[in-house]
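Q: Let me begin by handing over the structure; questions about it come next.
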Amino acid sequence: MDGFPIAELQYWLQPIDSILRELSLHAYSYHYLLLAAILYWAGYRSLASRLGVVVLFSTLIFGGCRQFFPAQRPYWLDPGLFNGVKESGYGMPSGHSQNAVVFWGIIAASIRKSIVILIALLMIALLAVSRLYLGVHFLSQVVWGLAIGAVLVFCIMTCEKCFLSWFNRQQQVLQLLLAFLVALIPMLVILSLRELVEIGEGNGASKPYQRLIFLSGMTVGMTTGLTFSKGKFLQKPSMFLWVTRVLPGIASVCLLWSFSSGLSTGIDRSVVVYLVEGIRGLLIVWWGVWFWPGLHRKMEKAYSR
């Protein structure tokens, strides 16, 4: 499978180079999370929550896989395949392909309209091809990403209703505890296999768990924040929400992300870096799903008096 002719693909797809390059550039996990946040603030809470949670779990899964599978990228092995995009981590599985299936697959499965399904399939196909075209993934890495993404979509669409029905019957304290523990499962599994069982070689970074712990903090923030805010901030989609909640929300989250991104820079002790990154991820998501919608509601009530 890894004998797929990437060089030939790069030659034949040059006419749509800019399309493939732009799609790939704007399809990292944080782009999907921002889109989910926009939908959440705009009043599409159910769909947005589903997207946000699953994209985070998906990112933890492919990030975790790279702790155990030190798979080289095509242009690392053959510099002639370099096509202008550098990636620092290992490539198994393709995170872009996996998250494309997760994000667009959930949208298609949730809305269930022919045009949406066609758009979703087109986006998934283009993003998968773009990673081959850019020389950053072998075909096997893309296929594994697509397969894992499909499994995640199937699981969430099959089990979500039953799980939430049971979850919503529990007391809030137990709900929060469950939300906290479930969010930590991927990170705990990865740490146990790497540090206790000593499986895999790690991802080659000096602080190998920095990104995973940041994502785990975001996941804890997502699950607990959604639990805290359940039944609150429910408003129908409207232009009013787009102007007063979505646009300021985008600005505030981007500022938080940018301001906090360098907090752990220059810190030598790994434990301190991990703690800072976990708290950073937690607070960014809490702001988005809980603090900002709550502040918006208070300002709306104060203005309407």
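Here the Cβ of each residue, glycine as well, is placed from N, Cα and C on the backbone.
Note that TrEMBL annotation is computational and uncurated.
These numbers come from a predicted model, not from an experiment.
Under the heading domain 'Phosphatidic acid phosphatase type 2/haloperoxidase', TrEMBL lists 46-157. For 27-44, 51-69, 142-164, 176-197, 209-228, 240-259, 271-292, the entry in TrEMBL reads transmembrane segment.
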Q: Give residue numbers and ranges for long-range contacts of the transmembrane segment (142-164): same chain, 6 or more residues beyond its ends, CB-CB under 8 A.
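A: For the transmembrane segment (142-164), the list is 1, 50, 54, 57-58, 61-62, 92-102, 105-106, 109-110, 124, 128, 131-132.
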Q: Need one number: mean pLDDT over the domain 'Phosphatidic acid phosphatase type 2/haloperoxidase' (46-157).
A: 96
Q: Spell out yes or no: are there three or more C-beta pairs under 8 angstroms between the transmembrane segment (240-259) and the transmembrane segment (51-69), with each pair 6 or more apart in sequence?
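A: Output no: the transmembrane segment (240-259) is apart from the transmembrane segment (51-69).
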Q: By Cβ distance under 8 Å, which residues at least 6 away from the ends of the transmembrane segment (27-44) in the same chain are close to it?
A: 51-52, 55-56, 58-59, 95-96, 99-100, 103, 127, 215, 218, 235-238, 241-242, 245-246, 249-250, 253, 257, 288-289, 292-293
Q: Within the same chain, where does the transmembrane segment (271-292) have neighbours whose Cβ lies under 8 angstroms from its own Cβ atoms, ignoring anything closer than 6 residues to its ends? I mean 6 or more beyond.
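A: Residues 37, 40-41, 49, 52, 207, 209-211, 213-222, 224-226, 228-229, 245, 248-249, 252-253, 256-257, 260, 263-264 contact the transmembrane segment (271-292) from elsewhere in the chain.
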Q: In terms of Cβ proximity under 8 Å, which residues at least six beyond the ends of the transmembrane segment (176-197) contact it?
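A: For the transmembrane segment (176-197), the nonlocal Cβ contacts are 57, 60-61, 64, 67-68, 167, 170, 208-209, 212-213, 216, 219-220, 222-224, 226-228.
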Q: Which sequence positions outside the transmembrane segment (51-69), separated from its termini by at least 6 residues, show Cβ-Cβ distances below 8 Å to it?
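A: Residues 29, 32-33, 35-37, 39-40, 89-95, 98-99, 102-103, 106-107, 145, 148-149, 152-153, 156, 186-187, 189-190, 193-194, 199-203, 208, 211-212, 215-216, 218-219, 222-223, 226, 289.
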